[in-house]
Structure formats: structure tokens, C-alpha cells
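**Q** Grabbed the feature section from TrEMBL, which reads as follows:
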| type | residues | note |
| --- | --- | --- |
| REGION | 52-86 | region 'Disordered' |
| COMPBIAS | 59-71 | compositional bias 'Low complexity' |
| DOMAIN | 90-213 | domain 'Heparan-alpha-glucosaminide N-acetyltransferase catalytic' |
| TRANSMEM | 91-111 | transmembrane segment |
| TRANSMEM | 131-149 | transmembrane segment |
| TRANSMEM | 161-180 | transmembrane segment |
| TRANSMEM | 200-218 | transmembrane segment |
| TRANSMEM | 238-256 | transmembrane segment |
| TRANSMEM | 345-366 | transmembrane segment |
| TRANSMEM | 405-427 | transmembrane segment |
| TRANSMEM | 447-467 | transmembrane segment |
């Protein structure tokens, strides 16, 4: 099948490319239309605001179809290239969604201490801050679906994905392993025996790698023209997501958690160290002390490698100023000062599932070009996820960010779907883009902003400039740094 060239003798004619049917539809009042070998499509990609295509017209040559040259990839369809007036291969709503997430991260980072209602929940329940991590994981999945829609070589793509994941892991260990001590401590460096192995960037790296491997190797080749055929094409990925979920639930509710001990302070060489014993001996407990998430981290990573300022230190049992940090109550339980990693091994399994949800939303972008169809295909799973999560929470499987519970995953992933759909409608459908400049910049520089702001790199750098004594720095002057 050759490509086609259109002779247009009536300027009012309008052509529209139907990507699902593979046809060029003629609209308008043009009547004298004839086909001979070539139609050139100026713009059509995942970011176009509709299915209308701009086409260039040339006078038809007298030579027959067989005399026109064909490219090696010519299959008789339109030839796609970018339009001068638009047509980027990148959905603007992706960057805007990521920018909103970065802005939310900065807001809760600095306002959370002032307004406890938006700070991370001490244990069960979801606050505004608890949506940040799932939103990042969700957009990782969406981006992967677009990045790997055309792969010249699976082995090359696999190598690049592994390399990228390793860079995130190493960066996470450096930034969150304990090397930087924060704005309250003018020292740096970390004892390898106490380095924190897990963290936010490490969790993103693990989720990214597994989702990328599935996107590269586990997908069918059947044509997608409906929601059912989309599920069929990626049924192996859905099977993997179900297996990961089943593994999390079986370990969380099936493992026996025995009694355990820890000492304060964590420095073993301290002569004043006090040993605390935590009584458990249960299965399926979702409380701070005796859950399987903490037990696995203590057994595999080692308690000395966990996050020392556990989130449950702000709970009513552990703080007289709850939901803020404060002194221990007189009847505080023994586990209040124990380390607990909010980005642990078992909880990262459900974080991976959030990436799979994002992959599905990205697949919808790849295979459906009509705005209405995309929105419908997004709203249905978003509604189902939120409804399922709320139902599970009401039945006793509480939404918990630290444990990354199944209900928490459902609610936050569904909420991410709703927000992404709203951003897509505003930016890519209705064209409200005048307010997006800053958010787009933040979205395209998300990692840099996270490193500077959330990892305290900017405050640590500012502390390097002082007057006579290290304590006399800019942060101290504005009331952020350590006091004299």
C-alpha cells in the first residue's frame, strides 16, 4: 500500500484522521476531491487537542502510484511529523501534575509543623501530606507507558532502566542515608554500621525498575480498540500487580511477629544505653509495635539501619503534644522511641502497585486519542479504586501511609487518577495554560527541587556561610538554624 497525495480544488474541505479506524474522513463542502499518492500529516500525536489533522497538499503528479518512492517503514498510512504551531511529543498535563505534586511537597514540608491537620498522619488515616508519595509513583508509571511505547531494542531499554534505577538508589543512599545531619546539626558524615538503607528515592527506584521491566517485557501485541482489549494486551502486567498485592497481604496478615528488643540511645558503645522490650506474639496486627512491616525491616535491614525518628512518635500514646512532637507521657508504651522506616521493604510492594496503576493510565494515553474516551477510561478505575479503598478502611483495613496499606494504595492512586484527569481537561482539552509556566518548570525539575528542599541540601549549603562562628549563619538569623 502506497501513501497518498490529495488534490484539493475546494478550499472549504476539511480532513480528519480517525486513528482507531485508520481512515481519512472528509468534512465540509469541498466536492471535487481526488486521490493520488500522498497525504502528509503535519501533526498527530499524544498531545494533540483533537483528532483533526493539518495536511499539506501538493498537485498530483501524472506518474502512477508504483513510481513513488517508499520508505522502509511505509505501510500506507499517514506520515507523522511535528507541526510548527504545536504538537509536542510530551503531554503538558504530565509536567503540570508533577509540578503540582512538587508544590504540594514543599507546602506540607514547611506548613505541616504549623498546621498539624495537613502534616503526615501519626499512624492510621490520610492527610494532605500523605498524597505526595503516591502521586510521584503514579506519574512515574504514566511516564513509563509513554517512554516505552516505541522500543527499537528491548535489551537496550532494559540496560538504560537498570542504569537509571541504580543512579536513584545511590543518590538516595547519599541524601537520605544519614550523611547530611540537617539544619539542627552542623556536622556531616554517617557511620556505615548505622546508615539508613531505605528512603524515598530508593523506593521510587525499586518501583520504577520493576514497572519498567514489566512495561518492556510483559505486554501483548493485539490491537487495542476498547477497554477490554486494552486489559487483554497488558494482562501479564495486571497479573504481576495482583501477585505483588497478594504477596503483601499474605505476608502482612500471615507472618507471626514475636517479641523484640531495642536500646536507647542506639549507639552500642554508650554506657547509659537502656534496653526496651516490646511484647507482641501476634499475627496480622496493624499497630505501630507489632506489624509485619517493621518486623521484616528489623530482621533483614537491621534495626540500626532504620529511620530513627518514627512517625508514631507524634501519636497520643507517645507525645503529650500530639499530633506534634513532644515529651513522652508518663504511661508511654515501650515502643515509642523505637526506630521504624516509613519506606520499608514490605510496604514498598504496594508502592510498586501504584506504579502499575499509573502504567494503565499511560496506556490509555497511548492507545486512545479521543479526549472523551480517555477521560471515561480514567474516571472509571479512579472511582473504583477510591470506593474499594474507602470500603476496606471501613471494614478494618485502615488506610495507613507508613504501612502503605492496601486501602491507602487504592484511595491515593484513585485520587491521583482524578487529579490527573482534571489537569488534563484544563490544560490539554480546554487549553487553560497561562497559569502553568511555574508548575511546568517545577515538574520538569522535580528531582532537583526535591534534593534542594526536601533533603535539606539548600539549608546545609546556606549554613556554610557564617560570621566568626558556625552558629552565626543565615538560617540562625531567620530562626531556622541551631541556636547559640
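Easy rule for this one: first residue shown is 1, then count along the chain.
Using the three backbone atoms N, Cα and C, a Cβ is placed for every residue, glycine included.
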**Q** DSSP on the domain 'Heparan-alpha-glucosaminide N-acetyltransferase catalytic' (90-213): how many residues come out helix, how many strand, how many coil?
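**A** Here the numbers are 83 helix, 4 strand, 37 coil.
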**Q** Short question: most Cβ pairs under 8 Å with the transmembrane segment (238-256), which of 91-111, 131-149, 161-180, 345-366?
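**A** Out of the listed stretches, 345-366 contacts the transmembrane segment (238-256) most.
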**Q** Which residues of the chain, 6 or more past the ends of the transmembrane segment (200-218), have a CB below 8 A from one of its CBs?
**A** 133, 136-137, 140-141, 144-145, 148, 151, 154, 157-158, 161-162, 164-166, 168-169, 171-173, 175-176, 234, 236-237, 240, 343, 348, 351-352, 354-356, 358-359, 454
**Q** Taking only the residues in the domain 'Heparan-alpha-glucosaminide N-acetyltransferase catalytic' (90-213), give me the average pLDDT of this model.
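**A** Mean per-residue confidence for the domain 'Heparan-alpha-glucosaminide N-acetyltransferase catalytic' (90-213): 88 out of 100.
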**Q** Near the transmembrane segment (161-180), which residues from the same chain, at least 6 beyond its ends, have a CB less than 8 A from one of its CBs?
**A** 188-191, 194-197, 199-202, 204-206, 208-209, 212-213, 216, 451, 455-457, 460
